[in-house]
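Chemist: Copied straight from TrEMBL:
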DOMAIN    39-171  domain 'EamA'
DOMAIN    186-323  domain 'EamA'
REGION    1-25  region 'Disordered'
TRANSMEM  34-56  transmembrane segment
TRANSMEM  68-91  transmembrane segment
TRANSMEM  103-121  transmembrane segment
TRANSMEM  127-145  transmembrane segment
TRANSMEM  157-174  transmembrane segment
TRANSMEM  186-204  transmembrane segment
TRANSMEM  216-239  transmembrane segment
TRANSMEM  251-269  transmembrane segment
TRANSMEM  281-300  transmembrane segment
TRANSMEM  306-325  transmembrane segment
Amino acid sequence: MERDTALDTGAASERASEEPQAGRGGQRALSTRALLLVHLSLLFVAVSWGSNFVSIKYLLRRVDATEVLMIRLTLASLCYAGFLLLSGRGFARFSRADWRKAALMALLGVTINTGAVAYGVQMIPAAVASLIVTGNPVFTALIARALGQERLTPRKLGGIAVAFTGFLVVLFYGGPEAQFSVRNALGILITLLGPLAWAFYTVLSKPLLVRYEPVQFAGTVTILGTLPLLPLFATRPGVVREALRFGPAEWLAVLTMVVFALVLAYALWYRGLRVLSPTQIAVYIYLVPVFGTLGAWLLLGEHITIYLLLGGTLILLGVILTNTARRGPVEHGERARRRAR
């Protein structure tokens with residue numbers, strides 16, 4: 001899924017298996033009130049990730065997709081840099097061998113992933129985009145199998161087949177007119193590049209996440225992924241002037257897609273991961289398209305068709321089947337650390 005919605009339960013399982021305080025043991029150490037706050041924070045994450053698509057669609061009324069991308073990643077990089085420096089964490093200190101890998105992660109997880117969603121949402125309804133991006137775990141399972149990290153169980157294969165059927169329904173009938181549209185289909189295919197790139201990022205970044213603290217890694221990679229966009233400010237000097245003319249509604253959209261959906265949501269996600277099991281975390285992933293579709297209907301006036309609901313239901317069902325299937329052989333814990341060295 002897009003980065004804001006794509007921290008799938010596969011990655012969650014990897015981190016959870018490496019932290020002894022995660023899962024049920026972590027829950028026992030928390031008071032009822034503290035546990036409630038964790039669940040509320042994850043609900044906020046789901047709302048933020050769902051609202052992200054609505055915010056992008058709203059901003060596209062004022063600026064184009066390239067300018068949305070420039071504004072979003074530049075401000076996110078500044079937020080991450082400020083947080084890492086002020087908190088004393090600093091940036092991830094990649095080894096010489098890891099710099100190439102980090103650059104690839106930045107290209108996949110930041111530049112391509114975020115760009116695909118911005119350009120895709122320009123052509124399709126925000127509700128459709130929120131459903132498409134939710135299918136990220138399906139791509140992750142396929143890529144992990146291709147790289148020999150996991151095997152596809154019958155349940156996972158069934159989930160992939162169900163999700164793919166849902167994709168086809170949305171592709172051919174998910175538009176506002178509930179009929180095939182070349183523009184709608186092209187927008188969906190462009191949007192699909194986002195979860196595909198993020199799935200590669202999820203699988204390939206696992207060895208790096210063993211060696212580097214997640215928030216440091218995310219912040220540093222976000223900054224690296226923003227660098228290719230900086231020359232665009234020379235060719236598009238008007239984007240800064242236009243941003244300064246934004247009204248309260250536009251700045252609320254910027255705040256949502258930068259601070260809430262990127263920086264804050266990522267921190268809250270990993271905070272929740274330390275005390276909840278991956279299965280409990282997954283519940284909030286499934287809420288993302290619900291909030292995305294609801295927000296698109298309430299705030300943007302998008303028409304929600306029966307075909308979109310049917311396709312979305314199949315996609316979510318497929319993702320749930322894929323995520324709740326028993327995991328195949330995967331390297332976890334100390335074994336993964338030894339291989340990563």
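Note: Cβ is positioned from N, Cα and C throughout, glycine not excepted.
Just so you know, TrEMBL annotations never went through curation; they're auto-generated.
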Chemist: As a test: from 103-121, 251-269, 281-300, pick the stretch that has the greatest number of Cβ pairs under 8 Å with the transmembrane segment (34-56).
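Modeler: That would be 281-300.
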Chemist: With pairs fewer than 6 apart in sequence excluded, do the transmembrane segment (251-269) and the transmembrane segment (127-145) have three or more C-beta pairs that lie under 8 Å?
Modeler: no
Chemist: Please work out the mean pLDDT for the residues of the domain 'EamA' (186-323).
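Modeler: Average per-residue pLDDT within the domain 'EamA' (186-323): 88.
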Chemist: Counting by DSSP, what is the helix, strand and coil composition of the domain 'EamA' (186-323)?
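Modeler: Result for the domain 'EamA' (186-323), in helix, strand, coil order: 118 helix, 0 strand, 20 coil.
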Chemist: Please count the residues of the domain 'EamA' (39-171) that DSSP assigns to helix (H, G, I), strand (E, B) and coil.
Modeler: 106 helix, 0 strand, 27 coil
